[in-house]
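*Asks:* My questions will all concern the structure given below.
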Amino acid sequence: MPSLRPVLFRGARAALLLLLPPRLLARPSLLLRRPLSAPSCAPISLPAAASRSSVDGAGAEEVLAPLRLAVRQQGDLVRKLKEDKAPQVDVDKAVAELKARKRVLEAKELALQPKDDIVDRAKMEDTLKRRFFYDQAFAIYGGVSGLYDFGPVGCALKNNIIQTWRQHFIQEEQILEIDCTMLTPEPVLKTSGHVDKFADFMVKDVKNGECFRADHLLKAHLQKLMSDKKCSVEKKSEMESVLAQLDNYGQQELADLFVNYNVKSPITGNDLSPPVSFNLMFKTFIGPGGNMPGYLRPETAQGIFLNFKRLLEFNQGKLPFAAAQIGNSFRNEISPRSGLIRVREFTMAEIEHFVDPSEKDHPKFQNVADLHLYLYSAKAQVSGQSARKMRLGDAVEQGVINNTVLGYFIGRIYLYLTKVGISPDKLRFRQHMENEMAHYACDCWDAESKTSYGWIEIVGCADRSCYDLSCHARATKVPLVAEKPLKEPKTVNVVQFEPNKGAIGKAYKKDAKLVMEYLAICDECYITEMEMLLNEKGEFTIETEGKTFQLTKDMVNVKRFQKTLYVEEVVPNVIEPSFGLGRIMYTVFEHTFHVREGDEQRTFFSFPAVVAPFKCSVLPLSQNQEFMPFVKELSEALTRHGVSHKVDDSSGSIGRRYARTDEIGVAFGVTIDFDTVNKTPHTATLRDRDSMRQIRAEVSELPSIVRDLANGNITWADVEARYPLFEGQETGKKETIEE
């Protein structure tokens with residue numbers, strides 16, 4: 001144990017240097033240049049050598065090998081400390097160091113990716129803003145950070161992503177959809193744990209009141225100090241140790257660090273207030289009296305849990321079943337950033353799959369068992385390994401994924417995300433380590449996408465066990481359970497209190513109900529203990545809802561009897577896939593954004609047709625009136641077929657109009673040209689956005705072709721196999737005018 005201890009407290013960078021071979025130490029360009037605490041969601045500043053696309057797989061692995069070793073050694077240390085039942089403070093420090101080393105490894109992996117694999121974010125964001133996909137809310141008043149308005153194109157894309165979600169999950173799985181209020185009384189969120197645990201530490205500029213998240217500000221300040229050439233090796237090592245443990249500091253420890261490192265406001269240079277705990281929920285009061293505090297909901301899940309009994313009744317009392325809700329949630333982020341990735345109001349789509357804890361098998365798992373996807377298990381993370389592509393069925397068989405219900409939803413999530421435009425090669429499922437788990441979860445896998453910000457969580461798939469239902473049942477005294485028929489009846493011994501309602505009512509008046517409710521939910525062990533006190537002392541004391549009551553023999557006795565059971569009560573476990581639709585949208589933007597080869601100014605989004613904001617455009621080649629009947633005919637037919645489309649009859653060249661529609665991701669384009677007008681049967685061209693190839697078909701056929709393409713019933717390859725490629729017009733403007 002003593003030989004392991006120095007690694008625990010030494011600066012992480014120094015520890016890593018000790019693990020590097022001399023050959024790499026002689027090549028400083030290959031060493032890590034970013035601070036250890038660089039988060040996986042922070043923009044990566046690539047080292048010169050590592051950013052070259054010429055670094056091959058073997059060369060990259062040579063750089064990564066010592067970092068993997070450092071993570072593996074720290075993971076071994078964490079395991080040993082836990083096995084030896086070391087003090088919790090030592091375990092926490094070791095875990096913090098492990099997380100820091102993981103971040104270093106991941107940052108380096110991202111830095112070594114090919115240069116052409118990184119989207120030009122500035123160019124993409126310019127396109128999004130210029131074409132009004134979305135923009136900052138209240139912009140003409142200066143805007144409010146963390147709040148966004150979606151324009152026509154962004155709104156259509158978002159609605160299509162939601163509609164695809166409904167079809168993929170709610171319709172396919174026959175999930176029960178509900179729509180609950182966004183206002184939530186305080187007791188509900190007190191019970192769920194959000195009031196006590198949903199908080200961050202915050203500091204304020206003492207002069208202008210501007211707020212900053214304390215850990216983020218301290219991290220940025222220390223990174224700035226460490227980048228100074230005058231900063232000594234000892235000082236850097238000290239600051240790296242601070243950064244490695246940043247997640248574990250309490251309020252007073254953070255306050256001391258702000259003083260020690262003289263942290264000021266990064267905007268004004270003013271002094272900062274001491275850190276205070278800041279709850280991330282938006283607080284309000286329900287009703288004019290101000291007597292009922294409440295919050296805007298931080299998640300949609302609680303509404304489903306509170307309606308569990310009604311949903312169970314709707315499902316004829318049977319398990320398993322699932323309920324879902326799509327709606328807005330709110331988190332009062334201290335310093336929102338990174339566009340749609342961290343906002344204060346966001347749309348969520350959540351599923352709560354209620355299942356018997358003894359029967360966590362999904363009958364449809366074989367439908368997804370053969371999928372191959374990248375899995376990043378907790379074991380791989382602490383061993384310094386990368387995500388590994390695995391067959392989903394093998395992952396469940398080998399115990400990487402706990403059960404087929406969780407495995408089934410991971411597979412369905414993968415299929416949905418790739419359907420809406422997320423690249424399978426930039427998508428992984430990462431298992432939470434034990435110290436990362438939310439207060440309500442016993443296992444959790446996040447779908448993470450690789451973006452220019454690094455790996456970001458876009459979907460969480462948590463096994464919430466029976467946490468929420470049990471908490472709400474205890475708080476409300478309402479049993480949130482399902483009844484499970486027994487294969488054979490069984491006889492059980494029952495022990496319960498038998499209260500004397502008259503005596504209790506006389507003694508405690510209006511509080512008698514509290515006493516009766518408490519006695520009704522006591523378990524056998526507690527009742528037996530209180531019975532002994534009754535026999536010995538003639539009384540015992542109970543405490544409920546902050547009040548104490550003394551009960552005597554004339555108020556209560558204990559009843560024992562046998563009971564034959566035909567059903568047993570089960571508190572269901574809950575598997576919860578939770579989708580952040582804003583983050584999914586942002587990932588789709590990055591993964592589908594392209595620049596036309598040979599023309600840096602022509603950008604386009606290759607949205608899959610199923611979610612494209614417009615399925616096709618209708619483009620008359622000329623403004624001649626003879627073209628207008630065909631425009632009208634096509635537009636009306638497309639509408640009848642349920643195909644969203646955009647008519648562009650402006651005077652610009654056809655190439656420029658193609659570029660405009662490509663820029664907003666219109667999947668296909670119908671062009672009415674001179675052959676359409678001059679020849680019978682009347683035909684028009686259909687253009688594919690991504691390949692820019694065109695076919696020619698009769699005008700009457702085109703709406704159904706576009707509909708089938710948009711619904712995924714056929715592919716562009718199918719269309720090209722059935723219809724002739726368009727090579728060029730056979731007639732021109734002159735013939736049209738003469739006619």
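Glycine is treated like the rest: Cβ placed from N, Cα and C.
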*Asks:* Report the candidate from Arg583, Arg596, Arg602 that shares the ATP site with Arg331, Asn332, Glu333, Arg342, Val343, Glu457, Ile458, as recorded in Swiss-Prot.
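*Replies:* Of the residues offered, the record points to Arg583.
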*Asks:* Taking Swiss-Prot at its word that Glu350, Glu576, Pro577, Ser578 bind glycine, choose the one of Glu299, Glu524, Glu626, Glu633 listed for that site.
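*Replies:* Record check against Swiss-Prot: glycine site with Glu350, Glu576, Pro577, Ser578, extra candidate from Glu299, Glu524, Glu626, Glu633 is Glu299.
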*Asks:* I want to check the contact list for Arg331 (ATP binding site): same chain, sequence separation of six or more, C-beta distance under 8 angstroms. What comes out?
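*Replies:* Those within reach of Arg331 (ATP binding site), by Cβ under 8 Å and sequence separation of 6 or more, are Leu280, Met281, Pro298, Arg344, Phe346.
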*Asks:* Name the one residue among Asn332, Val343, Arg583 whose Cα is closest in three-dimensional space to that of Tyr453 (phosphotyrosine); these are the binding-site residues.
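*Replies:* Closest recorded candidate to Tyr453 (phosphotyrosine) by Cα: Arg583.
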*Asks:* According to DSSP, does Asn332 (ATP binding site) sit in a helix, a strand, or coil?
*Replies:* coil
*Asks:* Counting only residues 6+ apart in the same chain, whose Cβ is under 8 Å from the Cβ of Ile458 (ATP binding site)?
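*Replies:* For Ile458 (ATP binding site), the qualifying residues are Leu417, Ile422, Asp446, Ala447, Glu448, Ser449, Phe579, Gly580, Arg583, Ile584, Thr587.
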*Asks:* If you draw a 10 Å sphere on the Cβ of Val343 (ATP binding site), how many other Cβ atoms land inside?
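*Replies:* Looking across every protein chain shown, the total is 22.
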*Asks:* Can you see whether DSSP assigns Arg583 (ATP binding site) to helix, strand or coil?
*Replies:* helix
